[in-house]
Amino acid sequence: MAAPRNLTGDGGARQLVKDEESPAASSAAKGLLNDDSPTGKRTKSERFPLSRWEFAVFFTVFLVFTTGLFCIYLTMPAAEYGKLKVPRTISDLRLLKENLGSYASEYQARFILGYCSTYIFMQTFMIPGTIFMSLLAGALFGVVRGFVLVVLNATAGACSCFFLSKLVGRPLVNWLWPEKLRFFQAEIAKRRDRLLNYMLFLRITPTLPNLFINLSSPIVDIPFHVFFLATLVGLMPASYITVRAGLALGDLRSVKDLYDFKTLSVLFLIGSISIFPALLKRKRVYE
């Protein structure tokens, strides 16, 4: 009779241990499912953050841009179709410059329209390669006209990306950069009274990628006029450096040559000047 009592006691103990461990196991499972780190395992519903409506809006905007770009493409002579290719290396860029040099001179207005449309399209939909477009502007149009073209197109593309993100970008940014977005939101909240200076600093220096700034700015409630001014002015130093480098494509081996230690130091110096008034104002308040 003792044996059954022992078996019953062991079974009850095992059941008690199992019951006590269940909440912990459940919490751990929930923690894995709710892990928002970029490397964390996502549930099926989290793998693609956009809803059907948001994806439909994004696709519609993309289709409108693509259709407009294709219509501009059709205005070019058929002989030039095969020469059009978005450059991915300095070698591609040199070849594109040689192929389009005469066309850009003969049909300048048409070429500029196509160039601007392509640049804005790439900026709006976060397509890599705009730095090559900036180099191409310097190579084909010189420093002054190339600089104006690049700054205006980069600003227009960033603003277009801003509004697209405001429309459907919140879940995508939260999904891609959850920690970085929380950090950025906290920094913006601390600098509301001097937001333009802070945004200028971010635009001038490579502290945060421009892609992240374009997409996250409407999500952290940065006013559009602040975003526009910071983008227009803040992109000027880097644009000038890139456009000027386009005059000497033969001397460039890779894009990395554009931003050496000296260039980055100059950009950070200019960026520091942009936040100096805010630092001075804070010092006066403390005094």
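The backbone N, Cα and C atoms fix where each Cβ goes, and this holds for glycine too.
Summarising the annotation, Swiss-Prot assigns phosphoserine to S37 and lists a large-scale study or a structure entry as the type of evidence.
The feature region 'Disordered' is assigned by Swiss-Prot to 1-44.
Within the same chain, residues 81, 84, 110, 113-114, 117-118, 121, 124-125, 164, 167-168 sit at least 6 positions outside the transmembrane segment (55-75) and bring their C-beta atoms closer than 8 Å to a C-beta of that stretch. The feature transmembrane segment is assigned by Swiss-Prot to 55-75 (among others).
Through the fold, the transmembrane segment (124-144) approaches residues 62, 65, 86-88, 92-93, 96-97, 100-101, 104, 115, 118, 150, 153-154, 157, 160-161, 164, 211, 214-215, 239-240, 242-247, 249, 252, 255, 258 of its own chain, all at least 6 residues removed from its boundaries and within a Cβ separation under 8 Å. Annotated transmembrane segment per Swiss-Prot: 124-144 (among others), in sequence order.
Sequence annotations record features per position, and here Swiss-Prot assigns transmembrane segment to 147-167 (among others).
The transmembrane segment annotation in Swiss-Prot covers 218-238 (among others).
Annotated transmembrane segment per Swiss-Prot: 260-280 (among others), in sequence order.
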